[in-house]
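Comments concern the structure below.
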Amino acid sequence: MFEHSIKVPRHFKISANIVKKVATEGGSVKNLLYDSKLRFFRTNVIYALITETIKHSDDIDKLFEVTGILTKEPRLDPWLAKVITTELLFGKKELPGHSKPEKTIIGYKEQFDSVPLQQVEVKPEVRRPRYVRINTNLLTTSDAIGAFQDEGYKFIRCTSGSYDDYLKQIQGLTEYDFTQDYHVKTMFVFHPNTKFHDHDLYLENKIILQDKATALPVHLLAPPQGSVVLDMCAAPGMKTTQLAAFMRNQGKIYAVERNEERYNTLCDFVNKTDSKCVTTMHRDSLDIKRGEYDDVEYIILDPSCSGSGMQLCIHKYVEDVRLARLTSLQEKFLKHAMNAFPKAKRIVYSTCSLFPEENERVISNVVKLSRAKWKVLNVKDLLKGNWNNFGSGMYGEIGTRCLYAKPDSDLTTGFFLAVLERDPKQSEKTDNTDVKDDSQLQGTLKDRKKSTNNDSNLQQDEAECNSSEPLTTSKHRRKKTSSDDDAQGQTKSKSEYVSEEMSSKKKNKKRTAAVSKEDLECLETESKDPVENVESKKSKKKKRDKPEDSEIPINDNNASVSIEKQEDVNDSKKKKKKNKRKEFSDADDKDSRMDKDVNNSIDLTDTTEDAIYAKKKKKSKHSKNADIQQNDMSDEPVKKKKKKHSHVKD
């Protein structure tokens, strides 16, 4: 920027800032112009200067390119230069001040005049009527009609005919006529020359200067009283305050805005319009996570766009890079709205753009790829056929279900609108399946623990039954049968384990992730318990056998004979005990070998059935060895008793 002693006129600076915002950020000139800070300034002068600058923007760009003024004067602000050049060439044709920027533009005037400009036939612009929305939070529609009638305006009832009849009616309004809108009943239509910026009702925020096209999203969203609504891009607050009035301040409205300046404007406007059910939030809507506001039922989304539908739009051509960035951002917003709020029933997506890349393409791409099931409602049906412009068929049926508002035919600003509704049958299918999977996993773990406990109890019962069975076979037969059973058990177990390993590993590859470390520890501890139980039983049986051997009856008459027999019996007992200990140690060695083979072949991640089978084998072997020992020890005293009785008889 130039450093100059004489200041640039203020209306030039204000006009340059607004033109820059419209060109770079998009938006409405009137919303930017009629800010509270500029309310007491000459807004009509600034508005005229901005409109002329936007109309001649192509010619000014050509003049700057031919003369090279921006490269030769690098400290000259390009937006301020456009406004000053417009005033010098297409406005008053003179500059009021003598600041450095004005003198610089005047120095290039001769070069500007020498550049031939193409004269394009400008079609007569269709003048849009003045739309006024009644803020029913502060004023009823009947009171508003009476107030306008007191000022000399004549109320004409809206036609009951077709939509085309209504368009003809509002085109024939005189300066003191007004009527009610065909669709939005809280909106009135006046002659284009009607001015309300100094009106008392406007200054008291009882009437809002809002175009009809921007009021259609709330009309089609139609949230009932008591609903929870989210406005994802709320500033400056036109739709937010309209929602509050539509719901009669009953319910909740979350109004979200990221930009700090626009957020302050939103808060100020919400307070002035007495929108009590609105909660403003200074944050980015994309940062709202699932679970924070799950009570949201209705969503209105009006994201940043090129603003190509505005009447005073500087974007006659938008670069592909900027358009791609805008469409990417718009798709992110819509995806987030469809997926982050599980109770959302309806979404209204709208832009003030006429480019299909920002409209039908965004709707088509997001709806087809969305996880949740959403459908695009036919706006023509919602408006009962009373509309003329709809989306393009290039995007299939989805495109034709959308709505366009066009300045030439609908007498509004250029606008796009689509209504999306969630399919109630398949709204939360993915969440339900996730919950079912978790419950099934927990159920299987509980069943496995129960089965292991039941099997351990059954094994204990079987061991007790086997120990209590009567002994009828002889010593040699028992030894042979036990050894044969051991050999058969070894061969059977090895073959069965190999086959079970192959089948169980294939079946349980998917289940290995579900088995926790706690289950593995339980299995290991349970596998060790049978061995400890067998050892404890052996020690108890040895203690029981000792008193039985010591309590052998002896006759006094034949003491010498009985003593010799007792010594022979004791010697034989010792030999038998040694042999039994050897057999028992050999059996223990075999069991340890079998344990090693089993532990090597069976994974800890196998099912509990395999582990239970191994436990049964171990218990049966130990119980058989214990039975053999008990039988051998119990046979001797029986034989002694028989011999003793025979000796007494003799």
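Glycine residues also receive a Cβ, built from the backbone N, Cα and C atoms like all the rest.
According to TrEMBL, the feature S-adenosyl-L-methionine binding site maps to E257, D284, D302. Under the heading compositional bias 'Basic and acidic residues', TrEMBL lists 426-439, 516-537, 582-598. What TrEMBL records for 614-623, 639-650 is compositional bias 'Basic residues'. Annotation comment: TrEMBL describes 426-650 as region 'Disordered'.
Feature map: annotations from TrEMBL on the structure.
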residue : record                               : Cβ contacts under 8 Å, 6 or more apart
E257    : S-adenosyl-L-methionine binding site : C233, A234, A235, Y263, L266, T280, M281, H282
D284    : S-adenosyl-L-methionine binding site : V256, R258
D302    : S-adenosyl-L-methionine binding site : P217, M232, C233, K239, Y349, S350, T351, C352
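The record gives E257, D284, D302 for S-adenosyl-L-methionine. Within 8 Å of the mean position of their Cβ atoms, the other Cβ atoms in that chain belong to D231, M232, C233, A234, A235, V256, R258, N259, S285, P303.
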